[in-house]
Amino acid sequence: MEPTKIVENLYLGNIQNGIRHSNYGFDKIINLTRFNNQYGIPTVWINIDDSESSDLYSHLQKVTTLIHDSIENGNKVLVHCQAGISRSATVVIAYIMRSKRYSLQDAFNFVKKKRSIIFPNAGFIKQLAQFERWLNSTNSYF
């Protein structure tokens with residue numbers, strides 16, 4: 001499956017898209033798998049399982065800021081996990097919430113419309129709801 005363009009310079013994909021990054025011209029990769037693949041371009045690795053008990057929330061503020069700063073600097077960013085369905089979708093939804101001031105539901109629908117196969121696990125949905133509360137209470141939007 002090809003990586004999916006979500007907004008200008010932000011793509012959601014799977015591990016194969018990371019491996020073949022040169023085919024797509026990515027400048028930065030956010031890797032959300034258990035494997036610390038070095039792609040030869042700037043890569044951020046968050047070692048996390050696709051499990052309802054995995055803590056992705058503690059990374060959301062930092063990784064959404066990183067995505068925002070990268071895009072602002074004109075970089076083409078790929079966010080990927082193994083299949084491009086749960087972990088990477090969660091991070092991209094969080095970024096859309098923060099950058100567009102969307103609710104969790106609106107951000108989920110926005111990303112789902114672009115990449116119909118997304119399906120964050122129930123634990124990640126709860127963490128996105130927590131992230132939404134943090135955004136609303138701190139006004140920490142871009």
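Backbone N, Cα and C define each Cβ position, glycine as well.
Taken straight from Swiss-Prot:
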ACT_SITE  C81  active site, phosphocysteine intermediate
DOMAIN    2-137  domain 'Tyrosine-protein phosphatase'
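Per DSSP, the domain 'Tyrosine-protein phosphatase' (2-137) is made up of 65 helix, 19 strand, 52 coil. When Cβ atoms from all protein chains are considered, those within 10 Å of C81 (active site, phosphocysteine intermediate) total 26, not counting its own.
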